[in-house]
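Structure record follows, encoded as structure tokens.
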Amino acid sequence: MMYTTRTSPLTRGVVHLVLVAYTLLCIGPVLLVAINSFKSRAAIFRSPLSLPDATTFDLIGYRTVLGQGVFARYFLNSMIVTLGSLGCVLLFGAMAAFALSEYRFKGNKLLGLYLSLGIMVPIRLGTVAILNMMVASRLVDTHLALILIYTAQGLPVAVFILSEFMQGISKDLKDAGRIDGLSEYTIFFRLVLPLMRPAVATVAVFTMIPIWNDLWFPLIVAPGEATKTVTLGAQVFIGQFVTNWNAVLAALTLAIVPVLVLYLLFSRQLIRGITAGAVK
Amino acid sequence: MDSLQLQNIRKSFGSMDVLKGVELDVTRGEFVVFVGPSGCGKSTLLRIIAGLDDQTSGDVRIDGKLMNGVPPAKRGIAMVFQSYALYPHLTVAKNMALALTQEGVAKAEIDTRVATAAAMLRLEALLDRRPSELSGGQRQRVAIGRAIVRQPSLFLFDEPLSNLDAALRGGTRVEIAKLHRQLGATMVYVTHDQIEAMTLADKIVVMNGGVVEQVGRPLELYNRPATKFVAGFIGSPAMNFIDGATAARVNAAAVGVRPEHLVVGRDGSWSGTISHAEHLGADTMLYVEVPEIGLFTARIPGDVAHDVGDIVGLTPQEGRLYRFDREGRTMTG
Ligand SMILES: Nc1ncnc2c1ncn2[C@@H]1O[C@H](COP(=O)(O)OP(=O)(O)OP(=O)(O)O)[C@@H](O)[C@H]1O
Ligand SMILES: [Mg+2]
């Protein structure tokens, strides 16, 4: 990327200082978790900020976590739920955004507003009602329960952001497709969606992380052994009186890996998404 | 038989009336050009003909068949957009073939049609490229090729050349004219460009504020504009208009004379100071400030010695003064 900035070195220095500080603030805790997961229990408490060395290096945490065969299952559960919800959010979010920006009908604006309203109302306010619904429909302790909830949770932002991007897609292109006899579905999947890749990747990352990290809904609607997610699974090491910090930190560190992989998959597209229009 | 027939087409977006009853008949093989100021509804009308928008009321007939509510792909039309609108993920050949594949045309037939169109537009070498690997002019030729392979009875063009630079525009204009002769198909073409309108059209439709002001052959509009609007719109540079006492002397609300119909001399009907001169070689444009009347543009063949600051007289050529009444209609006799 080649572009020249006209800002003074001082301004740029300050901007970079702020950015570096913010980066440290974000990465710090994660790094701390990762570092300490490789240390013995005593070393964690004695000097939590130091790196593991020959005397303090200990894989006891990982041994505990991986020794428990169920953890693989927890990872699988987290994956199923996250990818399932992500798929639904992206598919339905993009389709709704397409309909809202492409078709003019009465109440179009109002419907868009209504769909975005969820951004302002936290879904957890409805926990009791959701639990009642899940019980009534016998979905408690199923992956589907979590997928449905997270789809509902992710859709408002997805619809909102994707609608904005959808506006920017050439109207002529879609019209050319119509004249060539493509169905609305073909236009959506073959013409529009490929052009929306950066936006979809952006939404994917923003949607995926809270779902993967969530503790609340797994605890409430799917606490069973068969559907436990990693975040919930890691809680077994946190007791009321004693906490197995080695295991907790190791479990959390392991839990970062899959999201990191997914993030890297999306990130190439993501960067393009964020800077699209800004650098052109 | 009429290739395209529009009857009392109206279109409103909410409370805004964009088209206010458009009537038009286009005979088979005709090249019709829509011109008019920005926002007068040219694109809207074209989209209604294509079936991309529905008219609020009125009838569209293509080849005599009523087309109201018929989807675009079933109207026997093809459209070329200003922005080319090529499918970015398909090669040139596939871009052109897509509509035929959708219609279920046989593979061999598709290949021949694509090859013929490619030969016509000199695209053979580019068939395997993607749109992003083409220049603007090549992209527009592919867009035209995509229209040709469908063998439509009606071609629709919405400002197809306005994204091209001047030289390329000239070349492609000639190509479109040639294409029209070769295919003999009916074409409806929207443009802002005077030269495109005058050179391509069998028939120009001048639109203004959602209504058709006048329909006619290019020179007919030039020589016998029905209204002051048409007189001012057709011809470049635009006609000079004079109102007030000068017009009242000939019983008109306004009179007009084209820049190329002014004779410049030592004295004339009006005299003023040259405020600016453009020497184009073949022509000279003189901008003459006439006191109490305003700025006149005069176009004189060849290069003339007059320069800024000179005082000159302007006289309209015999029979080249147009008179307009209060409603803007041209007065005859
Ligand atoms: N989808 C729409 N919703 C609301 N108003 C519209 C819509 N499409 C067009 N208009 C309005 O209709 C009028 C005519 O638009 P149109 O695009 O047909 O103009 P045009 O003659 O093609 O102009 P140009 O020469 O600039 O392309 C404009 O005032 C425009 O704002
Ligand atoms: Mg237009």
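Using the three backbone atoms N, Cα and C, a Cβ is placed for every residue, glycine included.
What TrEMBL records for this protein:
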TRANSMEM  A:12-35  transmembrane segment
TRANSMEM  A:74-99  transmembrane segment
DOMAIN    A:75-266  domain 'ABC transmembrane type-1'
TRANSMEM  A:111-131  transmembrane segment
TRANSMEM  A:143-166  transmembrane segment
TRANSMEM  A:187-212  transmembrane segment
TRANSMEM  A:247-266  transmembrane segment
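Among A:74-99, A:111-131, A:247-266, A:247-266 has the largest number of CB pairs under 8 A with the transmembrane segment (A:12-35). Between the transmembrane segment (A:247-266) and the transmembrane segment (A:111-131), fewer than three CB pairs separated by 6 or more residues in sequence fall under 8 Å, so the two stretches do not touch. Counted over residue pairs separated by six or more positions, the transmembrane segment (A:187-212) shares at least 3 Cβ pairs under 8 angstroms with the transmembrane segment (A:74-99), which defines the two as touching.
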